[in-house]
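Database features, via TrEMBL:
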COMPBIAS  493-508  compositional bias 'Polar residues'
COMPBIAS  533-549  compositional bias 'Polar residues'
DOMAIN    269-307  domain 'RING-type'
REGION    483-510  region 'Disordered'
REGION    533-575  region 'Disordered'
TRANSMEM  12-30  transmembrane segment
TRANSMEM  50-67  transmembrane segment
TRANSMEM  73-93  transmembrane segment
TRANSMEM  114-137  transmembrane segment
TRANSMEM  143-163  transmembrane segment
TRANSMEM  184-203  transmembrane segment
TRANSMEM  209-230  transmembrane segment
Amino acid sequence: MLYVMRLGTWSVWTLVNSCYCLLILVGKLIQSIVFGELRVIEQQHLKDKFWNFVFYKFIFIFGVMNVQSMDEVVLWVAWFSGLGFLHLLTQLSKDRSEYLSYSPATPWSAHVKLLSLLVVILLLCLALLVGCVWVAINVSFTIFTFLAAESVLVMLKSSYVVVRYLIQLWDMSLEGVWEGRSVYLYYTELLFELVILGVDFAHHLHMLLYGNIFLSMASLVICMQLRFLFYEFQRRIRRHKNYLRVVKDMESKFPMATQEDLEQNADDCAICWEKMNAARKLPCGHLFHNSCLRSWLEQDTSCPTCRTALSETGRRERQEAGQPRGANLADAVVAQANQQTTNHFFHFDGSRYVSWLPSFSVEVTHTNLMPGQQAHATQTSQLDNMAREVQIVFPSIPQSVIMEDLRLTRSVDLTIDNILEGRIIVPQVVFLCVYISDCNKSFALCCLFQSLPSLTSGSSVESQQFGAQSLPSLDQDLQVEAEAATDHREVQDSVTPNVTSGSRFSKSASERMNMLEQRKQVMLEQARRAYQASQDRMLSAELSSSQLTDPDFDDPESSSHQNNNSDEDVRVRRRALLLEATQRRLDQNSSS
């Protein structure tokens, strides 16, 4: 019957459609029995795996094998449909096994169903290998290598899921923490991943050489996949070397904690939150499980609790970042200023859209070719992103201050450490008021700026003098009186030239009005004191000039009598002037 259906084109498509409907029904039945409702991440992985498999097998059928007849197309499509079905079930079993291993109170029936499905997949892979042997004997050895490679890949992936799942189930059945669990899982993953990458690389290399397609689009796709597999193999080897280095350093530098240390701490592991029957002790005194600490040190070389650098390289980096901003910092600023490049970074992650799309990064560098020109430190896109990350954690710190520190540290973690340890000084908003007065009028000149860490009263006076001298509308007499009033405020400690604004903007209208009223009262008090000081200085100058011109100044009796009268006149005049100034200020406030 199948032979008769293959004679016509429409009969072939009817056969293909029936087979796919049957395959979908089997898949739905397996899902309802073993998996139930699929999670979102599982659906996403299935979709990515499906389209990736379809794309590469399309390249293989029409680019490598160069199939011409309909019979060959049907046979290859049927073969890859069965393999793809097993690939999807293996991927789904892997995701579900990881989910069940870390889920509390999972019934054992779910574990039994999943293990049974994995065993069935392994048996089907063995059956496919037997069919491949028949193809090698009766058809072609080259075709056998293509078919066997695909079957071996499915069998290796399903075997890895089974072994990993059994290790996790054994750990779940034990009481307490199994220290050897992470070691077994790591070497299982390492062994299977290297074998799978090696088989896949040999399979694609065979496709490239067999198809003789060095100048086609299929050859480009296969070369890209070969490059990806090669770099994945290199990355896995580097990760294993890093793992061995971490284990060696951990065993040599961090001894096992004694029973006294465990009893003294009497706490759970800060990484896995499990009870510690055995642990390693760090130089900072914190204790962690051996496996937990090893997994942590693969990612970061600092204490998980207090962030103390545990390696010599990390310690030197933190010491350099923790140096005071002195001569070394000045050298760093000069070196940074001498850099004449501005980098713009762009990254495209193709896996966000389709899993088989490549990911690439582009960095554009602009170089200043003018001799002797020093480029100022500019804000690149990378620094902007880092500054935004820091400002999310510390919203009260201005972005300019964060950018200045990031240009030196080039690290978000080091900048956050500098903020927490107080090495970065946040500028405050300060009002500087300069009061210039003559006999009848008084002026208040306020300047708003960001205070520097080295701001002192002397520098404040200099800023006030600069502010007074920078006004073109004032004549020379007012400038002289402003300098005299400034000198007098320098002597008197009770006069404060700075009025610091509030550190926050309140949402309450009444609170804002109270803050403004308090600031207004402080400024009025300073204006009164400055005006009184200037009047005292003028009266003293008039008194001294009158004494010098008085002919009876040499007579002691008349001089003492005149001094008494002049002192009394000064006090009376001072009271009158103060009363007049206060009344004028009150009138201005009431009118405003």
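Indices start at 1 and increase along the chain as displayed.
Note that Cβ sites are derived from N, Cα and C of the backbone, with glycine treated the same way.
Curation does not apply to TrEMBL; its annotations are automatic.
Using DSSP to sort the residues of the domain 'RING-type' (269-307) gives these counts of helix, strand and coil: 10 helix, 6 strand, 23 coil. With Cβ pairs under 8 Å as the measure, the transmembrane segment (12-30) is packed most heavily against 73-93, out of 73-93, 114-137, 143-163, 184-203.
Panel annotation: around the transmembrane segment (143-163), residues 60, 79-80, 83, 86-87, 90, 93-94, 97, 115, 118-119, 121-122, 125-126, 128-129, 131-133, 135-136, 188-189, 192-193, 195-196, 199-200, 202-203, 206-207 of the same chain, lying at least six beyond its termini, place a Cβ under 8 Å from a Cβ of the stretch. When averaged over the domain 'RING-type' (269-307), pLDDT in the model lands at 76.
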